[in-house]
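Quick look at what TrEMBL lists:
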type	residues	note
TRANSMEM	6-24	transmembrane segment
TRANSMEM	143-160	transmembrane segment
DOMAIN	234-294	domain 'Wax synthase'
TRANSMEM	273-294	transmembrane segment
TRANSMEM	300-322	transmembrane segment
TRANSMEM	334-355	transmembrane segment
């Protein structure tokens, strides 16, 4: 409790105050004054060891660093915001004679939504992300939405665990362990070695997709039930990223847009001012790279991680240049081939970094549960199969 009060609570309180101030007129000076204190408290909290010295629990420290990084960067965005944030949904009855105390109360209440709403859904953010539309009418009913989200939660959780179990089983003594190891097995022929690395990388990307999905579904269920939020405040997180035919389409619309406002404010704007629009793209992706490198934790491979994201910015910039020169957007079969090739070229080295620092051993469902193995064991009992290697 003492550690929580001394290290965890201060950055949260600072971020909460920043969220209140960004909704009030004439508070930019106070927000900028509060920012250094917020950054300091967030930085100080990253030194707390939640693993208790157990390497198998190092994922907890990584999650802490990620959370503190998110607090710091979002607070910075709010500190530099030029326009006052306003919440448009649920509808609020505006009263011109509303007292200062009333406005402050409303801002304090709305800040809770702001803290868990990085896409700005229902707000007036000047650079709102592209939000996918629901694929069904599940948002019309809370009960239907919660049931559909519960099914999605279970499915994506099992799929996430299945992907990571498969990755770890391919080399349990190297990159499947806490010590880590390279994706590349030099005892294999070059073609098989590369194919194996590609397959593992695709599984890791799939696990990232499934992991974000099941976490999002869980939060949606909690917020709709416990906080009476409307289902429309929880639109789909992704928009079928496998249908992308260009880097621009993938990163600009189909992949999740949770950090779009952050990277636009902290990356695109300053780099655009210095190097123009194309430089702004590289800057935005570079900020995303910094955030993902913070998530990585130990290892010292910042160049590889930052390189992946920066080169994706370069790739999107090249697509803009292609359109200017040819008058056509990148797309179709050749666009998809270009996108996949570019992602693999820079993505495999980054996945290898995660493998070498032992991150795959820690990427598991909260609590260490193994739902995919439990499902396999259940199926075994149902069909009477015993002794299968895949049903340990």
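Cβ atoms are placed via backbone N, Cα and C, with glycine included.
Remote same-chain partners of the transmembrane segment (273-294), defined as residues 6 or more beyond its termini with a Cβ less than 8 Å from a stretch Cβ, comprise 65-66, 69-70, 73, 251, 259, 262-264, 266-267, 302, 305-310, 312-314, 316-317, 320-321. Non-local neighbours of the transmembrane segment (300-322) in the same chain are 246-248, 251-252, 277-278, 281-286, 288-290, 292-293, 328-330, 342-343, 346-347, 349-350, 352-353, 356-357; each lies 6+ residues outside the stretch with a CB under 8 Å from one of its CB atoms. Over the domain 'Wax synthase' (234-294), the average per-residue pLDDT in this prediction is 92. With helix defined as DSSP H, G or I and strand as E or B, the domain 'Wax synthase' (234-294) counts 46 helix, 0 strand, 15 coil.
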